[in-house]
Amino acid sequence: MLMASISDSEATNRGSMWELDQNLDQPMDEEASQLKNMYIEKFSSILLLRLAFQSLGVVFGDLGTSPLYVFYNIFPHGVDDDEDVIGALSLIIYTLTLIPLMKYVFVVLRANDNGQGGTFALYSLLCRHAKVSTIPNQHKTDEELTTYSRQTYEENSLAAKVKRWLEGHAYKKNCLLILVLIGTCTAIGDGILTPAISVLSASGGIRVQNQNMSTDVVVIVAVVILIGLFCMQHYGTDKVGWLFAPLVLLWFILIGSVGVVNIHKYNSSVLKAYNPVYIFRYFKRGKSEIWASLGGVMLSITGTEALYADLCHFPVLAIQIAFTLVVFPCLLLAYTGQAAYIIDHKDHVADAFYRSIPGPIYWPAFIIATLAAVVASQATISATYSIIKQALALGCFPRVNVVHTSKKFLGQIYIPDINWILMILCIAVTAGFKNQSQIGNAYGTAVVIVMLVTTFLMVPVMLLVWKSHWILVVIFLVLSLTVELPYFTACINKVDQGGWVPLVIAITFFIIMYVWHFCTVKRYEFEMHSKVSMAWILGLGPSLGLVRVPGIGFVYTELASGVPHIFSHFITNLPAIHSVVVFACVKYLPVYTVPVEERFIMKRIGPKNYHMFRCVARYGYKDIHKKDEDFEKMLLDRLLVFVRLESMMDGYSDSEDFTMMEQKGERSTRALLTEKAGSNTMSSIGDMSYSSHDSIMPAKSPLTGNSLTRYSSQTFGDEQEFLNRCKDAGVVHILGNTVVQARRDSGIVKKVAVNYVYAFLRKLCRENSVIFNVPHESLLNVGQIYYI
């Protein structure tokens, strides 16, 4: 591996060559304009009902299993007064009404990115409508994608002012990113705590019929179920997903029916809890336990954020129908029925759900509850995979192996490394706490933090994407914070009772994500500031100052324009270079997917006899590189298609000026840019001289005598034959390996973060050669060190 060391000052000291580079190598345009076909989906009533039914198994599993553990976490020390139960029930009713129903189902779900939800989806929307991405690798051609949608604003509108304010300073972009990472890391904590509390609560049913059974038995059963759940993840949900919807529907029918029976059988007076005045009376009682009980009430809406993150490709209207007609009424009946039972059996609050089930259906209900808990856990685990994949695509997470588990559905993925980490942490939480109360405290803290992040992100989305009136934005913000902030303070007060778990998990993942993103940005800035001037490349001539040997060399870079410094380091240290050089850039855009037919953009670099090209492969945050996908073949096919299309558009190529320069002889590169004509002279810029003629004559190719000269002919037929000959001669993939290290005068925190944390993560993550299935025998690594 070749190594070079470049400091910040060296990387930025380019002088007047930067102006030349900007003129000679502008970012590429599309070969042909893309027509934007905007489709407005219309669903028949029957199809809409079918989609609403299917959404039950994907979206509502987590929210639907909350009745298993809510009342126990509200009253962990038992119930003393009937009015406390009525007040708590009233809080549950109106919390369900205000947060899941009004805020999420009818407002937040509309802020989806082509069916994708979650904090990263909101961030992607903002990145498309304002230049707030911390990696500035987007170009105007990206906006021509059919999946790329954005708004335009009047100059003096509120949205335009907000846009300018967000784009004004780098610290605002960093604050936005930190907010997104906080929500993302806390959502990952949900992926650990949801299986723990759901499965443990469901497994507790085996102890209700046998009070002498040890708690350890329940924990062991829960751990066995969790191990089985995580071990089955690599199969994906495609094969068993069809069971989820009928199972969850059966669960909702069960808890709703049991609730109706309990209301009729035990105490119908609980219906007065639907009067919100009982909330006021509940707080007026002034007991110290009242405020603490809000953490338990918060658990009644766990799964609401997962409802948004698991939106998938279901239309919003289908989600709204399923929630308002099935989920919401069944949950209200379930909680009301449990409250009626608890009033008559105050000593059964710890097992209120199972004890309130009629005897004849107890064991069938236990089986359904356990399966529903597994479905809820599966939905949250899948959402965690999706979050990690989005973070990876946006440069906020180390490269890990992403496996596509379904040929039908794009979003069904499996990440082995994350799966085993989740399993270990989930088992540790379950076996460590052994009870629902402390896990519930941890769970509530995680959920309320994610909700607060979503609330704050919705403000710029409403202003920029929806162009909402500022009064509506203020109303949304005030109502959301009025409900969520009290829950947040109640959950934070329980940090020492289990609430520290999601905070530790979130902080750990936040450090990983932020350090990785920080070093990724610095690497990109290094590539940008140290890229090679095109004037220098032109001055070397068609041979690039080297022996051009038969073959094709793919040089991988993060730059979508310009020649990477790694290439200059390569050609100044080795005596030969391939006859055809293609700079391949793989970049991710803030869109959920890039259609395959719009994925690649090709451009020629320099005159035709240089045989240099650039290919930009664009991906969305939902796109993945499949194992059976031959990336090399895709690049070669795209190169041949480009040359063929270029021959059909003879006279319109963006390389025409370079061809003219060849025919005019030696001259100053600056003069070529400004005059397009002139005397046959050579001038110097800075300390270097350039000529459009070869500075070193190419050696004879081993193919046949003067084959390289013959293949360099400007006829398109010869060029296509030349490319095919080079393809047959062999392909080499040249990967730049930029090692980032902290400067010696850096602070201790920066040194630890860059030299140890980032270096450790780099060793663990997958190499680009593995991601793109590059054969090891065709791989050449060229490295350099960059001090930040």
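Each residue, glycine too, has its Cβ placed from N, Cα and C.
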Annotated transmembrane segment segment (source TrEMBL; candidates 46-65, 266-285): 46-65
Does the structure show the transmembrane segment (217-235) and the transmembrane segment (361-388) touching, where I'm treating 3 or more Cβ pairs under 8 angstroms (sequence separation 6 or more) as a contact? yes
If one takes Cβ-Cβ under 8 Å and requires six or more residues beyond its ends, the residues near the transmembrane segment (361-388) are 57-59, 61-62, 64-65, 68, 118, 120, 184, 187-188, 190-191, 194-195, 198-199, 201-203, 205-206, 209, 225-226, 229-230, 233, 237, 244, 247-248, 250-251, 254, 258, 303, 306, 309-310, 353-354, 397, 400, 411-415, 418-419, 422
Counting Cβ pairs under 8 Å that are 6 or more apart in sequence, does the total for the transmembrane segment (46-65) and the transmembrane segment (316-341) reach three or more? yes
Check for me, if you would, whether the transmembrane segment (85-106) reaches the transmembrane segment (470-488) - at least 3 Cβ pairs under 8 Å, residues 6 or more apart in sequence. yes
With Cβ distances under 8 Å as the criterion, find the stretch in 242-263, 316-341, 409-431, 500-521, 576-594 that has the most pairs with the transmembrane segment (174-197). 500-521
Which sequence-distant residues neighbour the transmembrane segment (443-463)? Criterion: at least 6 residues beyond either end, Cβ under 8 Å. 73, 99, 107-108, 111, 119, 122-123, 125-126, 130, 158-159, 162, 166, 176, 179-180, 182-183, 186-187, 189-190, 193-194, 197, 295-296, 298-299, 301-302, 304-305, 308, 470, 472-473, 476-477, 480-481, 484-485, 487-488, 490-492, 494-495, 499, 501-503, 505-506
